[in-house]
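I have placed the structure first, in the form of structure tokens, so that the comments after it can refer back to it.
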Amino acid sequence: MQSGSETALLIGLALPFAGAAVAPWLMRRMGDRGAWLLALIPLFAFTVFVSLVSTVASGTSVRGEVSWIPSLGVTLAWYLDGLSTAFALLISGIGTLIVLYSGGYLHGHPQHGRFMSYLLLFMGAMQGLVVADNFMMLFVFWELTSIASFLLIGFDHEREASRRAALQALVVTGLGGLALLAGLVVIGMATTTDTLSGLLAQPEGLRGSELYLPALLLILLAAFTKSAQLPFHFWLPNAMQAPTPVSAYLHSATMVKAGVYLLMRLNPAMGETAIWETVLPLFGGATLLVGSVLALRQTDLKLMLAYTTVGSLGLLVMLTGFGSDLAVSAAVLYLIAHALFKGALFMVVGILDHETGSRDTRDLGGLRKAMPITFAAAIGAALSMAGIPLFTGFLAKEAIYEALTHDSGGWPLLILLVAILGNATMVAIGFAVGLRPFIGRQRETPKHPHEGPALLWLGPVVLAITGLLAALLYGLFYRTIADPMTTAVAGSAFANAISPLPHVSLAFGLSLVTLAVGLVLYAAQARLRGGLASVFGAGNWGPDRGFDHVVAGLVRLSAAVLRIVQNGRLDVYITIAFITTAVVLLVPMVIYSELPSMPPFPALQLHEWTLVVVALVGLYSVVRTRNRLTAIVSLGIQGFAVAVLFVLMGAPDLSFTQFMVETLSVIVLALTMTRLHLSPTDHRPWNERLFDGSIAIACGVAFTLLLLRVTQNPFDASLSEFFNANARIIAHGRNVVNVIIVDFRALDTLGEIAVVAVTGLVILALLRIATPGRIRGRS
Amino acid sequence: MKTLIFRTVAPYLTALMLLFSVFILLRGHNEPGGGFIGGLIAASAFAIYGIAFGVPATRRAMWFHPIAIAGTGLLIAALSGLTGLFSGTPLLTGVWTKSPIIGFDISNVIIFDIGVYLVVAGAVSSIALALESTEDNH
Amino acid sequence: MEAVMSLLVGCFFAAGVYLMLSKAIIRILIGIVLFGNAVNLLIFTAGRITREAPPVIAPDMDRLTGIAANPLPQALILTAIVISFSFFAFLLVLALRTYQELGSDNTVQMRVAEPEGDTLPPLGY
């Protein structure tokens, strides 16, 4: 790869982040027109990826890397094969349209710039995720998409529902992110590689490893949470609290497919095992079924689409894990088709909501005259979703049925039934969103309906046309996008052959059955809703309620733990601290037999003994006194005894300092004690005194033993010898202590005098903020 | 504490202690002493003056606010270390020049010690005076 | 000498800890002063004890020779003494102001920052 296109790719990958940084400023300066400028960023990335298509389609993968943290050997490495490129094209292409659409949708919103910033941040993260080669980079961008999703769902942060949905999405996908990290580490341990390309180069290495099962479970947890598979599906419909551009982009076209991407990416290395081909169809099928049924229950158009997205993701997981190349090709076609039509339909719902003030299916009707362009885009997308010939949705559905009927046996038959039901729901919902609001009698809506501005309808129109063109030019579409992607996922070369025209085959027959069932569901949707409502009841039970209970439980648990460990009582904290001190000092000494040996009887001179006794008397008196003045004087006595001890032991500087400090302490204490009106007696009952005394004696014994042990070890005087030898020669001073303070360790001293100065300042402040009304009143 | 004897002796005692503190500070590099001890002696001198004549009189006698003295000292100490900027050595490296005229060598280390002296004297006397003045308010 | 000092340090620690375990704030403060002295003596003794010879180089010598006290712990302790004093003064003023505001010198009754009771944190989102 030439350096020119490598630079272009790097710019394309980095530009969204730069755009995220300037977006708030740009949108404030330029208003809605800023959207046209910001759309150039994804457009640039899109053209870069388009320029790579021919290279990738010829079977060459594009790789490269730049150094990120060289000291740790971490690089930003990218790897583009058919799968990555197709995803990157979807992300940047739909991203361009979404940026424009957001320009119109949030017209005049005070936080428009912030929204654009989050959106571009997400785009950059998602691009990084799909081109990442490095495990670490994959994980970082995976988490970054979760964070961007959190920010976007909670964009309308003044509503509690938004905050809840955002937090829920973050918790669920964040859990998956941790699982991904663990899974990648396990894969790294099993195969000793840390890149996806390295893993794909030795596909048998992981399957044969005994770490395969833990790696698989962790990766599945990551993929299932991100792609909203049962039982983690609940966060996705809640995420519809986000503004509609977010739902169209993150929660249908791109981010939720990251889990599917992960499964597809690892299919060559982890697939084709019994557990893979059992778990994926099982969970995917269950998700498809549940998503479809719940979609039919909804009256909110956006929620209908959200649940069919859940179902579609289930379908994709099911097909990915089915185990045949045909199924993989069906998954690939459906993934692309779904991104196009679902993105378009979400945007259509956004336009309806924006221009009529409602997105409830019962409020909307007869809008074809008022909103003709939107209607055209909507019907185009709906036809693709329903799988009508000439649209990409048809290619996908044909491929699905071909794959499912190709294999025989009882298990695929069940899957086939689920797929038919799911697809029939897609037909019904597709028309419910793309057709029903536009036909029939026009109804009263909160706003007078009229066509939205070009910024709004451009996106769905382009996506609907793309959905049509991709099918009409199917040869080109297969050659450049679908075949390379299928090849990358299946791990072996594959060529699609399905034509967008009706033809006689078993698959086409099943398509007709699906269409018929779907139309019946469409016609009977209102009655079905009633029936489903009576079955499920009005209550919202299930994992969604469970999430609330878990969160509330965590808060209660933490409050309970906090009440125990941080009970607000200083005496308890101090007691715990000193019990710990005594235990930490004593227990290792006993366990490792490091107790000091019995020292010989010390040969002290009389004046030394006297001093020690004076210090002890001072201590005893401080502890036992009931008189304030005696306490102060005794405190002074022990301090002066220490000062004299210092001078006897060759430390005149210390002695002098200690002497001055003790004097000042006594003055300060005397000045304060008179103001405190304290009863000097110790009110502790005898049992508390015994307890506290035991702790104190344990601490004292511990420190004595420690010090005896330390002084019985040989002494390493090298540091002191250095100071003794160099104080005069290097630092021109004869008082070694002072030379250490002001020269050798002057930086420490600078810090220490700063502390002294700040203490003086703080004390002044404390004394000056006296609140006159409350002082002395209660004493 | 405001006896006649104490009030008569206090100014002389304070002056003597301040002089002594400077002496202790300057000889500190070669004999026992130094900025910390000198600063404490100076602070004690002000505290004694404060006890004898009250805090307002002491503040007037000191000319500068004690915290300002401490801040100046901190600034001097920090600046004295910046000589390394010109000689290309690390922060707070000692630089010495011979000066036979005044009897001892001049260096930024001495200036640093003077900074320490001012910080300790300023901060500690500020603490003492602040506590003494709350006493007065009572 | 070290043995006696070790014992003395132990007594200082015991007295300091015993006072700090009290609930009366002025006793805790006095305990902190004793504790500070205990730590200083601990460091000093751990640096070994030499009698009566300060680490000062004789005027006619270039380096410290012969037996003298260890200068390193002295340098550490010297600054520690001054800092302990500032800290002590700060705590004293803090105690004084607390007493003026709350009218109590008993730490058990000081519950402004961590009030008693079973109030749960907010459970919403």
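Just so it is clear, glycine is given a Cβ too, placed from its N, Cα and C backbone atoms.
Note that the coordinates shown come from a computational prediction; the quantities given were computed from them, not determined experimentally.
Annotated features in TrEMBL:
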- A:69-116: domain 'NADH-Ubiquinone oxidoreductase (complex I) chain 5 N-terminal' (DOMAIN)
- A:132-418: domain 'NADH:quinone oxidoreductase/Mrp antiporter transmembrane' (DOMAIN)
- A:614-676: domain 'MrpA C-terminal/MbhD' (DOMAIN)
- A:689-772: domain 'MrpA C-terminal/MbhE' (DOMAIN)
- A:34-57: transmembrane segment (TRANSMEM)
- A:77-103: transmembrane segment (TRANSMEM)
- A:138-155: transmembrane segment (TRANSMEM)
- A:167-191: transmembrane segment (TRANSMEM)
- A:278-296: transmembrane segment (TRANSMEM)
- A:303-322: transmembrane segment (TRANSMEM)
- A:454-477: transmembrane segment (TRANSMEM)
- A:504-524: transmembrane segment (TRANSMEM)
- A:572-592: transmembrane segment (TRANSMEM)
- A:629-650: transmembrane segment (TRANSMEM)
- A:656-678: transmembrane segment (TRANSMEM)
- A:690-710: transmembrane segment (TRANSMEM)
Same-chain residues at least 6 beyond the ends of the transmembrane segment (A:138-155) with a Cβ under 8 Å from one of its Cβ atoms are 111, 114-115, 118-119, 121-122, 125-126, 128-129, 132, 162-163, 165-167, 169-170, 173-174, 176-177, 180-181, 184, 196, 222, 226, 239, 241-243, 246, 250-251, 255, 258
Could you check whether the transmembrane segment (A:303-322) packs against the transmembrane segment (A:454-477) - three or more CB pairs closer than 8 Å, residues at least 6 apart in sequence?
no
Can you tell me which parts of the same chain pack against the transmembrane segment (A:504-524), counting only residues 6+ beyond its ends and a CB-CB cutoff under 8 A?
296, 386-388, 394, 397-398, 401-402, 405, 416, 420-421, 423-428, 430-432, 436
By Cβ distance under 8 Å, which residues at least 6 away from the ends of the transmembrane segment (A:572-592) in the same chain are close to it?
692, 695-696, 698-699, 701-703, 705-706, 709
Stretch among A:77-103, A:278-296, A:629-650, A:690-710 sharing the most Cβ pairs under 8 Å with the transmembrane segment (A:454-477):
A:77-103
For the transmembrane segment (A:629-650), the distant same-chain contacts (Cβ-Cβ under 8 Å, at least six residues beyond its ends) come to 607-608, 611-612, 614-615, 617-619, 621-622, 656, 658-659, 661-663, 665-666, 669-670, 673, 680
